[in-house]
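Before I ask anything, here is the structure I am working with.
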Amino acid sequence: MTPRLGTMRLACMFSSILLFGAAGLLLFISLQDPIELSPQQVPGIKFSIRPQQPQHDSHLRISTEKGTRDSPSGSPRGLQLQAPDQPRPHPKAAGSPLRLRQRRRRLLIKKMPAAGTNQGNNSSETFIQPRPRTMDSRWVSLHQTQQERKRVMREACAKYRASSSRRAVTPRHVSRIFVEDRHRVLYCEVPKAGCSNWKRVLMVLAGLASSTADIQHNTVHYGSALKRLDTFDRQGIVHRLSTYTKMLFVREPFERLVSAFRDKFEHPNSYYHPVFGKAILARYRANASREALRTGSGVQFPEFVQYLLDVHRPVGMDIHWDHVSRLCSPCLIDYDFVGKFESMEDDANFFLRLIHAPGNLTFPRFKDRHSEEARTTSRITHQYFAQLSSLQRQRTYDFYYMDYLMFNYSKPFSDLY
């Protein structure tokens, strides 16, 4: 064998190896599915509760200044609903077999974490894929209701309380706000709008009780387990107003007024009868008996309304019938969540879900006091207001006008203007 012939054979062998290698590489590439190169997402709705400050906080951000309420997009900064991101197909994926893509998508979904799993309270986003599908629309509806309530409240404040944004928050403005630090919640107490049961819920959230049913009325109202916001120094107040979720629950004003009257004056009461009852009977009942003046018992609803509307009333106001706009200062404090007594169960449990409360905690439905007595309803409210003249009804409506306006309640009587 000559050296020239050996060299030619080696060259041919090397060329054959390169040719087979290139052919194998092309075959391998042609068998790959380009869809594997593009990320897949599980279909569903992504609900995002984003903090405003600090970034790692999982709660809704609140501003104490009305001037900072509106974001450029026009959506509230508290609850934020986002549509799901649509997966982007790879440019070469159009020709891939449909069956192969579906099979690989199913395999990918199986590897995803379970929907609705909370990956920790420090996460700034909560991904919820409610089941069944009807829960999706329910969640969206409750979210939209919150947006509308806050919009109405902002507009009323802008129209009638234009100077509020320039006022500083003082301890007096936050004296009715209760603090729950574990879940970073601030709750403004509105008496006769479910406040007793809300305090029970806060005590369970704080780890002070295992069940709302175990907490007695006196513990709720006369104990010191829950802190008020005005007990903190200024730095503590400002910090919590800026970073905690602030919420309040309201009630139809006439209905709330009647509920307060029934509770405080139609049942024995060692405080309201001697303090308010005696003063009301002495001023507004002609020829009141000695017994009535001694005990303060037996105040009638028209007499109570006379006291309420009197600018020179003989005894001051009380939180049970004071305006919500005075109790909670909603034009000065930017509340993230506005619930209503009339839709308490839905609103309360929606709120508990938003703050990642324990799954077994729901809002209690029992009546706190006088459980044998019917709740104050619209029908009962009309019966009490039927005892008043049309002028008294109008003046009472005027008295609560800001509450009707801010919380979008309809006029309770057709002859009101």
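Using the three backbone atoms N, Cα and C, a Cβ is placed for every residue, glycine included.
Small disclaimer: the values here were computed from a predicted structure and weren't measured.
According to Swiss-Prot, the protein has these features:
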type: BINDING; residues: 191-197, 251-259; note: 3'-phosphoadenylyl sulfate binding site
type: COMPBIAS; residues: 56-69; note: compositional bias 'Basic and acidic residues'
type: CARBOHYD; residues: ASN121; note: N-linked glycosylation site
type: CARBOHYD; residues: ASN122; note: N-linked glycosylation site
type: CARBOHYD; residues: ASN287; note: N-linked glycosylation site
type: CARBOHYD; residues: ASN360; note: N-linked glycosylation site
type: CARBOHYD; residues: ASN408; note: N-linked glycosylation site
type: REGION; residues: 47-101; note: region 'Disordered'
type: TOPO_DOM; residues: 1-10; note: topological domain 'Cytoplasmic'
type: TOPO_DOM; residues: 32-417; note: topological domain 'Lumenal'
type: TRANSMEM; residues: 11-31; note: transmembrane segment
Roughly how many Å lie between the Cα atoms of ASN197 (3'-phosphoadenylyl sulfate binding site) and ASN287 (N-linked glycosylation site), rounded to a whole value?
41
Applying a 10 Å Cβ distance cut-off over all chains shown, what neighbour count does GLU252 (3'-phosphoadenylyl sulfate binding site) have?
23
Write down the Cα-Cα distance for ASN408 (N-linked glycosylation site) and ARG256 (3'-phosphoadenylyl sulfate binding site), rounded and given in Å.
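About 15 Å separates the two Cα atoms.
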Taking the Cβ of ASN408 (N-linked glycosylation site) as centre, how many other Cβ atoms lie within 10 Å?
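Other Cβ atoms within 10 Å of ASN408 (N-linked glycosylation site): 16.
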Would you find the one among the recorded positions ASN197, ASN287, ASN360 whose Cβ has the most company, meaning other Cβ atoms within 10 Å?
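Counting every other Cβ within 10 Å of each candidate, the maximum falls on ASN197.
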If you skip the near sequence neighbours and keep only those at least six away, which residues in the chain come within under 8 angstroms of PHE254 (3'-phosphoadenylyl sulfate binding site), Cβ to Cβ?
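Counting only residues 6 or more apart in sequence, the Cβ neighbours of PHE254 (3'-phosphoadenylyl sulfate binding site) under 8 Å are THR381, PHE385, THR396, TYR397, TYR400, PRO412.
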Round to the nearest Å and give the CA-to-CA distance linking ALA193 (3'-phosphoadenylyl sulfate binding site) with ASN408 (N-linked glycosylation site).
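That separation, Cα to Cα, works out to 16 Å.
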Which one is closest to PRO191 (3'-phosphoadenylyl sulfate binding site) in space, judged by CA to CA distance, out of the glycosylation sites ASN287, ASN360, ASN408?
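Its closest listed neighbour, by Cα, is ASN408.
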What is the separation, in Å, between the Cα atoms of CYS195 (3'-phosphoadenylyl sulfate binding site) and ASN360 (N-linked glycosylation site)?
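So the Cα of ASN360 (N-linked glycosylation site) lies 20 Å away from that of CYS195 (3'-phosphoadenylyl sulfate binding site).
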